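Going by Swiss-Prot, these are the annotated features:
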type: BINDING; residues: ARG23, GLU84, LYS123, LYS461; note: (6S)-5-formyl-5,6,7,8-tetrahydrofolate binding site
type: DOMAIN; residues: 219-382; note: domain 'TrmE-type G'
type: BINDING; residues: 229-234, 248-254, 273-276, 337-340; note: GTP binding site
type: BINDING; residues: SER233, THR254; note: Mg(2+) binding site
Amino acid sequence: MSQSDTIAAIATARGRAALAVVRTSGPAAIEIVDRCFRGDALTDADSHTAHVGVLTDEAGTDIDQVVATVFRAPNSATGEHVVEVSCHGGDLAPKMALQSLLDHGARMAEPGEFTERAFLNGKMDLAQAEAVADLIDATSTKAHQASLTHLKGRYSDLLGDLREELLNLCSLVELEIDFSDEDVEFADRERLEDLLDETEEILGDLLDTYPTGEKLKDGVQVVIGGRPNAGKSTLLNALVGHDRAIVSETPGTTRDEIEAEAEIEGVLFRFVDTAGLRDTADEIEAEGVRRATESIEEADVLFYLYDLTVGLDSQEIAFLQDLADDGSDVQPVVIGNKADRAPDLPVATLDGLTSLKLSALEAREDADEVQPLLDHLTDTVAEHLSRAEASPVVMNQRHRQHLRDALDAVQQAREALDAGVSGDMLTLDLRAALQELGAITGEITNEDVLDQIFSRFCIGK
C-alpha cells in the first residue's frame, strides 16, 4: 500500500437512504474534490468546514447537490487531508460521485485502507484499529460496549502500562550488567522477583478474560436437545418469539439444525434446535442425529427436553449424568416438557443438574412460561458481564496468542532468575515478552500481519 496516492470509496451502506458519504483521503484529496466541485474553492477552505455545492462528472455535467466537508492533515481521522462528500442516498448518486473522484485522480481504496492509514499515521494503534472492525461486526449491546472500550484506548492503556513495567525490569537488569564490575546495586533480587510476579499475575488475569470476550463477541451457544417429539422446535419458537422451526406431532420432523438468535440482557444467544436423538435407519435423519451430538459437545448451555408423560430413559439419564460428572464445559438443564398434559408429574432430578418443567406450547402465548430459562441464561453470563464492566477484556484470538507467549517469556525469566542465570539471558526473555505485547498494539509488526488484519474491513472504512 502506498500512502503517496489519494484513495476514495463510498463509506456508507448501499441502498435507499436520505444520505450517502463518499470519502477521500490522501495528499491530493482536497484538490481532487475541488476539481469536480462547483461552489466555494475547497483549496482555500479551513479544516473542519462544510461547503454546499454541486458535484460534477468529468464532462462537467451535474451529478448531485452535495456537502463537502474538509479536514486538513494532520487533524483528520486518517492523519491525511480528508474530504467527505455527502450526497443523496440510493445506489446511483453515490456511485456517480465516487466515479467522478476516481476520474479526477483518486484511486479506489482497498478494504480497511482508511483505517490502516489512520494506524500508520499514529491516529490509533493496531488494537484500536481491530476494535473498529469488531464495533462494525458487533451483534449485541455488550459486544458493542466492549469493542468501544477497546476503541477508546482503555485496553491499549492497560497493555502500555504492562510494557512500561517490563521496560523498567529490563532497564534494571541491563544496568546491573553494565555496572557488574562496580559495587552498585540498582535492584535487589527480591524487587526483581516482585516485579516479575506482578507482571505474571497481570498477564494471567488478562488471559482469563478471553472466555468473556469470546462470548460477548461470538455469542453464547444454547443447544436444544432431546428425543424426537419432545417439543424442541416449539421451545425454540417460544424462546425467540416467532416461528423459526416447523412444529409437527410427527417424530423426526427436524432433520437438520435450525438456528435462531436473541439478545438477552445485552448478550447474544444463539439457539440451535437439533434433530431428535435416537437410533434410525434413515440416512438423512442419522446425519442429523450425528450433527446434533456434535453440537451438544460444542455447546455452552444444553437445554435437554423430555416428555413428562414419557419420562427419561436410562440411556438419557446416563448421558446427562456423564456430562455433569466429567467436568464438561457444557451446562445441561433438564427440562420436563408438556407440563400442560401432566401438571402433577414431578420433573426428573439429577445430581449436579438444574431441572425444571414447563409447557413449551403454552410458552408461545405466555412469555412467563420461559422466564425461568431466560433467568438461567442470564445467570450463566452474570460473571462475564461483571468482568466486562470492571475492565477491558481480551476479545481477539491474535491478542490471546501474543499474551500467552508473553506470559511464557515472563515465566521463563522468573525461572532464570531463580536459577541464577546471567542477566544477559534474563533480558532475552524480558525482551521477548515486550515484543509480544508490542505486536498487539502494532509497535512491532510486519506487512503480512497488517494485510491480514485490514482485509477484514469493508471498503470505505
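If you go along the chain as it appears here, the first residue is 1 and each next one adds 1.
From the backbone N, Cα and C atoms, a Cβ is placed for every residue, glycine too.
DSSP gives GLU84 ((6S)-5-formyl-5,6,7,8-tetrahydrofolate binding site) a strand state. Taking the centre of the Cβ atoms of ARG23, GLU84, LYS123, LYS461 as the (6S)-5-formyl-5,6,7,8-tetrahydrofolate site, the nearby residues of that chain (Cβ within 8 Å, site residues left out) are ALA11, SER25, SER76, ALA77, THR78, VAL82, PHE114, THR115, ALA118, GLY460.
Of all the binding-site residues listed here (ARG23, GLU84, LYS123, LYS461), LYS461 has the Cα closest to the Cα of ASN229 (GTP binding site). For ARG23 ((6S)-5-formyl-5,6,7,8-tetrahydrofolate binding site), the count of additional Cβ atoms within 10 Å of its Cβ stands at 24 [all protein chains shown].
Compared over the binding-site residues LYS232, LYS338, LYS461, the count of CB atoms lying within 10 A of a residue's CB peaks at LYS232. Counting neighbouring Cβ atoms within 10 Å of each of the binding-site residues (GLU84, LYS123), the lowest count belongs to LYS123. Spatially, by CA atoms, the binding-site residues LYS232, SER233, LYS338 include one closest to GLU84 ((6S)-5-formyl-5,6,7,8-tetrahydrofolate binding site), and that is SER233. In space, LYS461 is the closest of the binding-site residues ARG23, LYS123, LYS461 to LYS232 (GTP binding site), judged by Cα positions. Between the C-alpha atoms of LYS338 (GTP binding site) and ARG23 ((6S)-5-formyl-5,6,7,8-tetrahydrofolate binding site), the distance comes to 57 Å.
SER233 (Mg(2+) binding site) sits 40 Å from LYS461 ((6S)-5-formyl-5,6,7,8-tetrahydrofolate binding site), taking the CA atoms of both as reference points.
Reduced to three states, the DSSP call for ARG23 ((6S)-5-formyl-5,6,7,8-tetrahydrofolate binding site) is strand. The (6S)-5-formyl-5,6,7,8-tetrahydrofolate-binding residues named in the record, ARG23, GLU84, LYS123, LYS461, extend over a maximum Cα to Cα distance of 18 Å. A simple way to gauge crowding: the CB of ASN229 (GTP binding site) has 21 other CB atoms within 10 angstroms, across all the protein chains here. Each residue in the domain 'TrmE-type G' (219-382) has a pLDDT score, and their mean in this model is 79. SER233 (Mg(2+) binding site) is surrounded by 23 other CB atoms, counting those within 10 A of its CB over all protein chains shown.
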